[in-house]
Amino acid sequence: MENTSNIYLDKKALAYNIDFLRKEMGEDVLISSVVKGNAYGHGIETYVPLAEASGIRHFSVFSAEEAIKVKGCLKGDIPIMIMGFLSEAQLEWAIENEVEFFIFDFKRLRHAIHHAKLLGKKALFHLELETGMNRTGFDYATLKKEVFPFLKENTTSFVFKGICTHFAGAESISNYLRIEEQKKVFLKLRNAVLKAGFEPEYTHTCCSAATIRLPKMRFNMVRIGILQYGLWPSPEIKIEYLRRKKLQAFNLKRVLTWKSELMSIKDVKMGEFIGYGNNYQTSENKRIGIIPVGYANGYSRVLSNIGRVLINDIRTAVFGNVNMNSLAIDLSNAPEAKVGDEVILIGEKGEHEISVASFGELSNQLNYELLTRLPMDIPRLVECS
Ligand SMILES: *Cc1c(COP(=O)(O)O)cnc(C)c1O
C-alpha cells in the first residue's frame, strides 16, 4: 500500500442497494441520490460514476462546489439539485448550466429571476416549504403575499421543477408528533401552490428514513442518502421495514471498506504504558502493532482503548490513546502478524465484521458523522465483490 489507508467502494454492493431502492419505490418515483458531504465520505469522484452506472438519474448536493464536482464526473446529461448554499455568482452559474436549486427565501428568488432574464435562460428551481423543521423554507403568508404574485409576473423566466420540504428527524419515533404536524402543514402548503395555478413537476419530502416510515409522502420523487450506501438511518427504521414486510432478516450491503496495514510491531513488558499518557497499562507481556491511522485520518480519538479492528481474520482491540497519525492494537491473539499485513478499520473478513454502525456506537457518532469525517485525501478505489 502506498498510502497509510485506502477506502474501497464495492460496486456490486451499490448496484444491489440501488436495485432494492428502485424496486421499493416503483416506476413512478424518481430517486435522487444525495451525495453531499463528499458522498457521505465515499468520495464524489469515485461514487458518482458508480451510481450513474447503477442507474441513478438525479443527484442532490448541498453546495455549488459539490455540484461542480458532480457535474465533472457524470457521463450523461443528468440533473443535479443544490439543496443549500449558493452565492449570487454561483446562482448565476447554476442557471447558466441548468443546474437545479432550492429557493427558500425571497432574495434568492429575486436574484434567480434577475439572472435568468439577463442570461436569457430559465431558472430551474424547487420551492422549499417551511413545515416545522425551522431551518429554511417559505411559510404560507410569504408564499401568498410575495412568492406567488412575483412568480406570476415572471412566468417565462423559470421552470417550476418542484416543491419540497424536509422532515426534522424522521429516523426517530420520538419525533412522531412533530413529523405528523409537518405532514399536515406540507399538504396544506402544497394545496396552496396548486390552487394558485402552479404545476411543479416534482413533489418531494422524503429522506431515507421518511421513505421507509412514510411511504405515502414519497409523491413522485425521494432524496435518498444513507440507504444507498447500505446503511440504515437508525436501527428503528430497519426494524420498521422488517415488520412491515414481515421479514425476519434483510440487509443492505455496505458499500465502503476502510483498510490500512501494520506499520510496526513491538513487544512490551508487563506493567508498561502504551503511547501518550497512562491510558493503557499492560497487565502481562504484550505484543502490539502500530497502524498509521489516527484522528487526523478520521479515526476518532474517542475510540482510544475502545476501537476494534480486524487483522488476519482476528478481531482485536485498540490499546491506549489514538494519536494524530497512528494507533496501537493488541497482537496477542495474532502471533503470526507481520509488518505490511492488512488491517481492516471498517469492513469484514472471514466471520468478523467491523460495521459502520458498531464503529459509530462505540464512539457515539452517528453513521452520518463518522462517514463524512473521513478525510478527502484518503484514496477511494473501486472493487467488485
Ligand atoms: C441529507 C439530506 C437528505 C438525505 O438524508 P438521508 O437520511 O441520508 O437519506 C435528504 N434531504 C435533505 C434536504 C438533506 O439535507
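Placed from the backbone N, Cα and C atoms, the Cβ positions cover glycine too.
Please treat TrEMBL annotations as automatic predictions, because they have not gone through curation.
The annotation active site, proton acceptor is assigned in TrEMBL to Lys36, Tyr276. The feature substrate binding site is assigned by TrEMBL to Arg135, Met324. Summarising the annotation, TrEMBL assigns domain 'Alanine racemase C-terminal' to 255-383. Taken from TrEMBL, the feature N6-(pyridoxal phosphate)lysine covers Lys36.
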### Task
Sorry to bug you, but what's the C-alpha spacing from Arg135 (substrate binding site) to Tyr276 (active site, proton acceptor), rounded to the closest Å?
42
### Message
Based on DSSP, tally up the residues of the domain 'Alanine racemase C-terminal' (255-383) by helix, strand and coil.
### Response
20 helix, 48 strand, 61 coil
### Query
How many other Cβ atoms sit within 10 Å of the Cβ of Met324 (substrate binding site)?
10
### Message
List every residue in the same chain as Arg135 (substrate binding site), at least 6 positions away in sequence, whose Cβ is under 8 Å from its Cβ.
### Response
His166
#### Entry: Which of Lys36, Tyr276, the listed active-site residues, has fewest other Cβ atoms within 10 Å
Tyr276
### Task
Based on DSSP, name the secondary structure state of Lys36 (active site, proton acceptor): helix, strand or coil.
helix
### Nearest-integer angstrom distance between the alpha carbons (Cα) of Met324 (substrate binding site) and Lys36 (active site, proton acceptor)
26
### Message
Within the domain 'Alanine racemase C-terminal' (255-383), what mean pLDDT does the predicted structure show?
### Response
93
